[in-house]
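**Q** Would you mind keeping the following structure in view while I ask a few things?
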Amino acid sequence: MSGTSAGLTGRETVSIRGEGTLSSRIRRHRWLYVLLLPTLAYFFMFSILPYYGLSIAFKDFSPFVGIADSKWVGLKHFRRLFVESPDFYRLLRNTLLIHLYKLIFGFPVPILFALLLNEVRKSFFKRFVQTVTYFPHFLSWVIYGGIVVNFLTPTGVINSTFDSLGMEPMNFLTDTGLFRPIIVATSIMKDFGWSAIIYLAALSGLNPELYDSAKVDGANRYHQLRYVTLPGIMPMISLMLIINLSNILDAGFEQIYVMMNPSVYAVGDIIDTYVYRMGLEMGQFSLATAVGLFKGVIGFLLVVSANSLLRRLGQRSIW
Amino acid sequence: MQKTNAYDYGIYLLLAIACVITIVPVLHVLSVSLSEPQAVYRSNLMLYPRQLSWDAYQYVFATPTLVRAFGITVFITVVGTMLNLLFTITGAYALSKRTLPGLSFFMILVIVVMNFNAGLIPGYLNVKSLGLLNSVWAMILPGVVNAFNLILMRNFFMDLPEEIEEAAKIDGCSDLALIFRIVIPISLPAIATIGLFYGVAHWNEFFKGLFYITDNRLWPLQVLLKTIVFDNNLNSLVGANTSDILIEPANVQAASIVFATVPIVIVYPFLQKHFVKGIVMGAVKG
């Protein structure tokens, strides 16, 4: 682009960067390579080098022997995962279920919230609601989860309220039936306001003339919502849905890690928490790496498919 | 202008409920932290402090571990964000030049590392083999360039008008001077946005501390908080010289939470403004 624009304006003094032999082009761009070098070095050291460590998924890794000298064992760890141990299906099930519950119950909330907010004409009130509801997004899950736990412990706020109403106390955090609903509800509470931003941006980009002509045609507010607003933000909704589905193996590591305890492993243990526990706490490096590799490969394929699907739909793609 | 009707009041009501759901838990913790320890023994919902007291904060500030963890997190946030910006700006600028030989190769590389992560254990072994375990640098160097932020910054640079740089070159500005004297100054809003993205991530950094730091004297704030708040482990607060203060765990936990949140509250006006811009920027162009 720069080459042609410089050419079109006819300024010969400006180097036309797109032209010349490869070596002269490289020489002309040498400062850019110097600038790019730190970033490339970083990716090499912290993203590419770890790929080598993936080989231990096919080895019996021992930290004392090192990656290179550990013995190759082929698919032993994958066999153990997929065939011999019941752990893996529990993990996969928990991961998928928690993600899907978050999707089903959580995905519509920011859309509804943005639509409500968009109807507010008093900008002071609108700003106030935004300021309040965006805030929890900036808190870590350690902090927000800490607040949640403070409400749910046997002596917490909710049980104290139960107590004063003469109801039996409940142990929310160790109840296998309540763990997933609590995870889903709290993740919605923390991020619904923040996630609405993208829809608010889409809503503010809708052409006001569409509303004016709809009104001329006698459309009431429901008609406007149904025939102007929703079709207008539908591309953004489908974009977010596709991106969300491509992350289906992420159920929210930090949230679940901080809020989980051993009594709810059966319903709460997800791929990421298992990898951490097996690998770093119990020293089963190879097994944990095999699980991580499974997740990484599936996740990569999903994201690549999502991106090409978006391109084929003529949508903004992820990259 | 339409008149406010029942429909609007319904909307206001729903939005007010959304605000209450968001704000009440935060208000409760703040109130607990500011109350007299005896008043929070059996904690009912509090929207304001009962018998205003600074005891819990006195306890927190008298605790060397918490203050040290705060210092470590400040260090990670300040130094980490500066390095993030240095790497991201230079890398994104180079990648924003469409005529750069090898550009498509570099972009494929960025997209691959962005979407295919080697995972926790290989990452851990890598940090270990680089000799970074139990060093603050383990919480700074891995992640010094976030590929998403790199692409966001690159998109911003690509949209800068070419004429500005060309004019500067005609005036004899060298390639490097161009960046520091022209490109960075006109990109400050985008740089602020990305700096805040990085800064908040550092402040809330939990996993790198959990994975790479076993020496609890080097724990960042979030890791220490996890043990105080979830593992109910007030022993983490070793060395507190506070025998004269009668203390209630819920009280101290609340005060620690507030203590770690205050810096976020202080920068919140900037966060809200710039993050919204960044999200919209990413959505519209990414």
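Placement of Cβ uses the backbone N, Cα and C atoms for every residue, glycine included.
This is the feature table in TrEMBL:
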DOMAIN    A:92-306  domain 'ABC transmembrane type-1'
TRANSMEM  A:31-52  transmembrane segment
TRANSMEM  A:96-117  transmembrane segment
TRANSMEM  A:138-158  transmembrane segment
TRANSMEM  A:178-206  transmembrane segment
TRANSMEM  A:227-249  transmembrane segment
TRANSMEM  A:285-310  transmembrane segment
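Could you place the listed features in the three-dimensional structure?
**A** Counting only same-chain residues 6+ beyond the ends of the transmembrane segment (A:31-52), those with a CB under 8 A from a CB of the stretch are 67.
Distant neighbours of the transmembrane segment (A:96-117): 126, 129-130, 133, 180-181, 183-185, 187-188, 191-196, 199-200, 203, 225, 229, 233, 237, 240-241, 244-245, 247-252, 256, 268, 270; these residues of the same chain sit at least 6 beyond its ends, with a Cβ under 8 Å from one of its Cβ atoms.
Same-chain residues lying 6 or more positions outside the transmembrane segment (A:138-158) and placing a CB less than 8 Å from one of its CB atoms are 169-173, 182, 186, 190, 252, 254-255, 257-259.
Within the chain carrying the transmembrane segment (A:285-310), a Cβ under 8 angstroms from the stretch's Cβ atoms is held by residues 53-54, 56-57, 59-61, 63, 73, 77-78, 80-81, 88, 91, 239, 242-243, 245-250, 271-272, 274-276, 278-279, 316-319, all 6 or more beyond its ends.
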